[in-house]
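J.: Sharing a structure below in structure tokens format, with a few things to ask.
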């Protein structure tokens, strides 16, 4: 029997701060060297309050890190072609180095078509098909920000992934699927679970590394956490509640991300880091 | 306890024949309607005997199905740029509807760059990053031929995948990875295992659907097959031996693919079917 223990929290706030500080220093150095600051364009369709808040937060973080933020606000009535045109213009604009199209774009818009209008060289949010395949095949490219942030947390806490069983609960195109591919690329054995999975607890109980990415409050019971597991909670539900029952899980896990302050802050940090990396590549190529 | 039973074989030879017959009929109809036959271009770099044999077999099957076969033989000394140029020329040629670049292309060539020179609209072998992402996201596109053939076999034998645990052993870019994504798209719970997986038998034992795609003779022991499982063997090793110990596995499985005559014939059938589909789209668009 494994002894009852209290998990060490994985401090995403602190790691994100360090990544943003380093990105800010790189951005300043780039500006000195080329006379140009990295620029992230944000595209928001409509005025969904949560999306407005997210985009505002991302823009503020950019500006505080010396990244120019350019905002394109499109009305909720925009067509797919309107969004594709706006994104294509940004892809073709040499003063824009990274593009973030805030998800969701609305049910009447072909989100995939809109994402695919992003030049992969500017896909700092890691949402294009090219970026997904690059993540899956271990090729150069930008990663989806939340999965990328999760990998950074695992590295920060020196979690050895090779041969370990990583269970990903959730299979979205920007979170569960790419996270599983990144874990597979690091030699984990990877299981994808989802709403149709039969007997989820029996699979969760096998997880050396568990990623919860379903968006259902306390969906994963603490009793199902394998003693000594590493638990990553990408859920962020009403009332600052994650997808995992934190208190009960923390009694069994070795490492666990709190909500908030775990995975959440990492997403923006990776977005900023990748924007600076994109600008460095594009401005370097132009110099 | 499940009763000892003898598995029903999944007859890939018969299903492949039917798919090729249907493809031949569609090709003939297309030729009547447009005056043009579907055309598959094959590209072979060097003279590896196995690759020469595979390409010859594919070309013969094409011709017997009314698909024009155009062959490009490149010397083993070709550079990456040589191969990219040859493939790009085929991508731009309106008389070519599908392109197959025989794998492997040789260690000195950037295979990914060569694959990416294939226009996704002509990627009837399903090897481009675009095709992989399309398979992963459930979007329109061509599938990798062997994984596509496996899904056809599962459908032919009316295997219900939703909620079932599918275990994929092997994670190559053209077989294991896309097969897992297709199974996930059909609502299976999917586990990827590979050479670094710890305690492979314990995971294989959970598989309602097992796909062996490692290329090691009798790598999967019959005793590890879950009673009543569906076993797909994509291995094809020296002496007509698969990756699964067939005799022992057949005592426990419900359905199993023989080697040869299971998965193998399906690969070419899907290649031909997709070539005809590509030609139909391209000639339809041009008409």
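Backbone N, Cα and C atoms are what each Cβ position is placed from, and that goes for glycine too.
Residues or ranges marked as domain 'Tetrahydrofolate dehydrogenase/cyclohydrolase catalytic' by TrEMBL: B:10-125. Annotation source TrEMBL lists domain 'Tetrahydrofolate dehydrogenase/cyclohydrolase NAD(P)-binding' at B:144-281. If you look up TrEMBL, you'll see B:170, B:171, B:172 marked as NADP(+) binding site.
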J.: Name the residues of the same chain, 6+ apart in sequence, whose Cβ is under 8 Å from the Cβ of residue B:172 (NADP(+) binding site)?
T.: B:213
J.: Please list, in sequence order, every residue of the chain apart from B:170, B:171, B:172 whose Cβ lies within 8 Å of the Cβ centroid of the NADP(+) site.
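T.: The answer, listed by sequence position, is B:168, B:169, B:173, B:175, B:176, B:177, B:192, B:194, B:213, B:214.
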J.: Could you give the number of helix, strand and coil residues in the domain 'Tetrahydrofolate dehydrogenase/cyclohydrolase catalytic' (B:10-125) as assigned by DSSP?
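T.: Reading the DSSP string over the domain 'Tetrahydrofolate dehydrogenase/cyclohydrolase catalytic' (B:10-125) gives 60 helix, 18 strand, 38 coil.
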J.: Of these binding-site residues, B:170, B:171, B:172, which are close to chain A by the rule of a Cβ under 8 Å away?
T.: B:171
J.: Average the per-residue pLDDT over the domain 'Tetrahydrofolate dehydrogenase/cyclohydrolase NAD(P)-binding' (B:144-281) and send me the rounded value.
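T.: The predicted confidence over the domain 'Tetrahydrofolate dehydrogenase/cyclohydrolase NAD(P)-binding' (B:144-281), as a mean pLDDT, is 97.
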J.: Count the other Cβ atoms sitting within 10 Å of the Cβ of residue B:171 (NADP(+) binding site), across every protein chain shown.
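T.: So the number of other Cβ atoms within 10 Å of residue B:171 (NADP(+) binding site) is 25.
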J.: Please spell out the DSSP helix, strand and coil residue counts for the domain 'Tetrahydrofolate dehydrogenase/cyclohydrolase NAD(P)-binding' (B:144-281).
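T.: For the domain 'Tetrahydrofolate dehydrogenase/cyclohydrolase NAD(P)-binding' (B:144-281), the helix, strand and coil counts are 54 helix, 24 strand, 60 coil.
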J.: Starting from the Cβ of residue B:170 (NADP(+) binding site), draw a 10 Å sphere and report how many other Cβ atoms land inside it.
T.: 23
